[in-house]
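Novice: Below: one structure in structure tokens.
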């Protein structure tokens, strides 16, 4: 009795006089007895121990003390925390600076000067009132003093904190204290409700302990999270109409708005009514803006991975903590379920205890729901910051890195080859993106040739069947180590792959970082809890687990090896697709697209093969996981029942099974986690390697730009090179040797033969080459650079000329006049504001050259490097430009500027130069005075002939806008899109997949039913007529009365429901397993056997489904990709004019990657959860009919919420995919014009552009995931309430413990399926946006192939070309370019086509290739011989006509591949043409050619294009400025060669250089789309 009195005197009092706790009210002490608290929680009754109530009441006190210690004790230290514990890019530092604070915390002195806010005063009054209520209650009712004193000290501490700090934002310390008070009081109230008192005592107790803290929390969650004194300009207010001009309201929302994600309501409202547009989406919040992120991330030292961890460290810490909390709650649920079932399975079911555990489960799920929102928010923040930082980092690296071309094949130091003398020619590791000669002596490296690849013959194993041989080779390929090509500098395709895939792979792991801890924790704790339930019997399951993990370890290593190879193959495929898209016009002009398609499909097959291998290994891993997961409970239950000889009751079976399910998920997810981590490791290595590539030497500040260059005082204007030798990056092959030269203000002319190194000299001045020895002195300032191949962007002509400079109207007008652009602008509706396409689509070659020249002249740079800008101009225009720029030495445009002018037309330029530099054989530079260089004479002799037509250039297609906006579908994805994907994979495989899932779902229901029956059959009487053999086999045929017969019937609706207890005279149903199997307490072996069979059936079903899914993914990816590339390759040429390369690349790479990925899994997931939902509803409704009404209500709520979410999320996902295209386009644009960008010091401008593009792309993704958070919170909340409602319904219905367990398992599946069905349907809609964009390409307008098959000898060498009243236009809505043209060109003639700009010369030439057809309503026609080109087979036409463009496209491979891509000619013929065309250039057919021919000069590329024409010897040959970049001597030799080789062909020449048309015997003169003259050419006497 003394002991009882002691317990009472030290217990948490506050009870009313009651027989339950008669001594608690006698306590005179305010301090509980901690040592008396022995049984903190009593599981069987669901209550706290009476000796521990006082201890629980003290928990808020200790939390208050701890919060104060942490805030004021560690607060000053926290300000000095490392970078990884700080939020990268947050407003904290700027806010502290603006408010004059030193850190995050505020001292009391500054707080006293701060005014009170209404929010703070309200919370302060509530805390004081709560403390007063507690003191008053303790004084008025002293017997309940401990109860009333619980909130006093925590509220006093809260009040002091508020008085000291006067917070303007939510006070975190006070919030934690008040939340702790509420939780503690609720715990006591639920566990010991009588302890709260009754009457006035209870009212005061509840008000002071729970009501007032709850009111305080309600006020605090509505306080701002950001200091209201900070500037809010440009930030959208919560619930205002969203606009792109305002920052996201995330910066000014309250805690409640953040917890519930209600701040996205305005966006949802708009998206629900109509399609969202870019202007409807808020700009990114402050800390997500990439200009700040990029700058801060760049300043963090260390490797990329270390910098990422420092940037996202705080987010990783928070997500890991929240993840551990959620995992702990998930693992607690089986324990709570065990106690709930145990309470219902006792002889006297304890409904109250069951409801207590149901309530605790609800509380934990609500906590987990809120934690999930916080977790997702922090995960998203870490993911977005790391991805954005890496995208801008890769882009900046591309701006800085050297331009590599070929794989590194340098000899390793220490080898014999490495000991070669200085002049030894060592094979280069890299070419460059600019031009110079590259011969076989310079490189023998293997390239990723895209043409002419030969397959290795099958030398051995010819006796094997083909499929066996292929399988053997597939396995062998896994052991092939990545060769030198893998160590080569990153190609354009690889950098695109890094930006698009590797960056995502790494940043996604930051999203999932918590899984590194939570998934192993799940595994370990699941095993521990299973041990707690099953005891040592669980060891058998653990052994099975370890065996499965050991098998998977082997498969993991194999998978990693496959993934490495697959990524390399994907790089190659991306490079090929990139080249294909960029070169599609040229490929179709030559009818080479089918050969390229074959090469692309070969790469695609290789990629899909590696992907299939990867998927097979992944599925083997999944199968082992499934087998392990299902065999672990089999082994555990076998040991528990056979070895331990203990009954498998329902309170053991169902919790153990739930834990086994958790273990199963952990086993399934752990290998996936390891796989993605290994993939991320590979991706991270690729990124790190790329970032370590050597950079171009830059001595200037990284943040410099043109304006800063102007602000700096100018130094001496002189370029000097002293005995310097240069090579292309990473190569020791010298392209320039012992160069010594000095250039001062004035014009310096650089000349030399084709491919001799003239462009290399300019590149050396720009710092693009490696300086091997010697010295280069170049002023560190912006240089106006005009590249040999004009580089223009997809923007207005004016913007291309300004190139981010300030618009000066007077200077601009002077420049366009000097560059003879005025007349061109007059032909455009929008003049200089006309928008042009990528690479100047819409402008002629001459116009592009002059716009590029105008950009250099307009710039404020003192140095101009002009690389043959007059090559594509006629004599008169070239002469006029030179006179305008250099005729007057006091011209404001060139006076005092240092100009280096590369040209072959020395005759025009040298009169204005003060010195001439000639690049000679061997890469040496010789300087001459201008008088020494004798004129060629050819230009002067033919000037009169050239001046017949002034301003000759190829035509343009005038329009205000050349690029169409990307189409964006509206609303949900159409059924037809799904059907197209389903058809692509094959209906048979889908039927097989669904059948496997139906089988699995049936087996799953049987699995739970079997456990329910097993657990409830203990104690049943044996059947009267069963043989021993029947027992052993597990079958029985006698129906008997049994305790659970009624439950069996109820579960499937065979008889009315009754409460648990014996069912007298009830007949057994066929679902009662006790009718077929012996009682398990007599013979458990049949139960174990059939449990094994049911488990194995699920494994088999899943394996079959996975196998079918592999085939579906393969067939769908293969079919759709092949259809898309074929449709794109046969689209109308207008499609290429209006579609940017980046947009097309985005669809053929990014969207196609989605199709290859989880897109099939999305469809399958929907089907999976539909089946699960149906079976769950049937099972539960048959057991508890009231559930039908509940299921309708709950499902309706799920659907309503989901369809409120879906339209907005679809719009955001579509906007995201559309905004990704400019990201790809900007990158491609940068790579093409990298030298120009760096010359103008425009890197900051382009970096700012990519930052803006990334902001636009990322804001769509950011808001999309905000929508996902909105949906998740509501779904999780509804799921928790649904599960609680179903549990309470089952408990109150009076079902047996086994039936309740079975119902709860089905109810859990119902909630999961309803929840996941909505989410998966939404995800499927989002993912199928990519399929939708792919399907759009399948409906491209196709070019008519032509129905007429001409004779084999067509066209004949003597066939005339007839234009009969031809009117041509590029699109129906555009004006005609050629109007009513009628010409007859004699067969075998040499035709010169001349005319002013826009006269239609190139249009006339391209019409002969069938790319344009005469207007149907005019009745015009074009004939070659007797064949109408509108009807002829286009493939035959283009194979028999050769078109040589001014800028021929070359492909990666060898010269053999480029001269004869289809391999149609003999090796001797190819070698002969190469020798005659490129004589003296040391080329062979095996000489490597880089992508686009960037390792060759422009002149060499043109010579290769002419070589193609000579090799083909077509009856009709069209040359469009084909010799513009060739020096006079070489051009003369080429003209002689053309006369010899093509003397029988009809040669149509469009040229501006007089020597190119001097042999013409027929002339066509065009003007404004009409024929001015057509007939035999009148040759001047001078020309003759």
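Yeah, the Cβs are placed from backbone N, Cα and C, and that goes for glycine too.
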Novice: Checking feature assignment: transmembrane segment per TrEMBL, candidates 963-986, 987-1010, 1011-1034. Which range matches?
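Specialist: TrEMBL lists transmembrane segment for residues 987-1010.
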Novice: Quick one: sort out which of 1186-1206, 1207-1227, 1228-1248, 1249-1269 is the transmembrane segment according to TrEMBL.
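Specialist: The listed stretch tagged transmembrane segment in TrEMBL is 1186-1206.
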Novice: For the transmembrane segment entry in TrEMBL, name the matching range from 146-163, 236-253, 254-271.
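Specialist: Per TrEMBL, the stretch marked transmembrane segment is 146-163.
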Novice: According to TrEMBL, transmembrane segment applies to one of these ranges: 1157-1180, 1325-1348, 1349-1372, 1373-1396. Which one is it?
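Specialist: That would be 1157-1180, per the transmembrane segment entry in TrEMBL.
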Novice: Of the residue ranges 14-36, 83-105, 175-197, which one carries the transmembrane segment annotation in TrEMBL?
Specialist: 175-197
Novice: Which stretch, out of 116-140, 291-315, is listed as transmembrane segment by TrEMBL?
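Specialist: Matching range for transmembrane segment: 116-140.
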Novice: Taking 1279-1298, 1299-1318, 1399-1418 as the choices, which stretch does TrEMBL tie to transmembrane segment?
Specialist: 1299-1318
Novice: Counting CB pairs under 8 Å, which listed stretch among 59-78, 116-140, 146-163, 1186-1206 touches the transmembrane segment (1299-1318) the most?
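Specialist: Checked against 59-78, 116-140, 146-163, 1186-1206; highest Cβ contact count belongs to 1186-1206.
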Novice: Cβ under 8 Å to the transmembrane segment (59-78), counting only same-chain residues 6 or more beyond its ends: which ones?
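Specialist: Here the qualifying positions are 103-105, 150-151, 153-154, 157-158, 161, 173, 176-177, 180-181, 184.
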Novice: Count, for each of 116-140, 987-1010, 1087-1114, 1157-1180, the Cβ pairs lying under 8 Å from the transmembrane segment (1186-1206), and report the range with the highest count.
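Specialist: Between the candidates 116-140, 987-1010, 1087-1114, 1157-1180, the best contact partner of the transmembrane segment (1186-1206) is 1157-1180.
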Novice: Residues sitting near the transmembrane segment (1087-1114): Cβ under 8 Å, six or more positions beyond its termini, same chain?
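Specialist: Contacts of the transmembrane segment (1087-1114) (Cβ under 8 Å, skipping residues fewer than 6 from its ends): 608, 611-612, 615-616, 619, 622-623, 626-627, 630-631, 633-634, 637-638, 641-642, 648, 985-986, 989-990, 992-993, 996-997, 999-1000, 1003-1004, 1006-1007, 1010-1011, 1014, 1017, 1034, 1077, 1080, 1156, 1160-1161, 1164.
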Novice: For the transmembrane segment (987-1010), find every same-chain residue at least 6 residues outside the stretch whose CB is under 8 Å from a CB in it, and list them.
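Specialist: For the transmembrane segment (987-1010), the sequence-distant neighbours (Cβ-Cβ under 8 Å, at least 6 residues beyond its ends) are 657, 1051, 1071, 1073, 1090-1091, 1094-1095, 1097-1098, 1101-1102, 1104-1105, 1108-1109, 1111-1112, 1115, 1164, 1167-1168, 1171-1172, 1175, 1179, 1302, 1305-1306.
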Novice: Give the nonlocal contacts of the transmembrane segment (1157-1180) in its own chain as ranges (CB under 8 Å, at least six residues past its ends).
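Specialist: Hits for the transmembrane segment (1157-1180): 978, 981-982, 985, 993-994, 997-998, 1001-1002, 1004-1005, 1051, 1105, 1109, 1112-1113, 1116, 1187-1188, 1191, 1286, 1302-1303, 1306-1307, 1309-1310, 1312-1314, 1316-1317, 1320-1321, 1323-1324, 1327-1328, 1330-1331.
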Novice: Report the mean pLDDT of the predicted model across the domain 'ABC transporter' (1361-1583), rounded to a whole number.
Specialist: 82
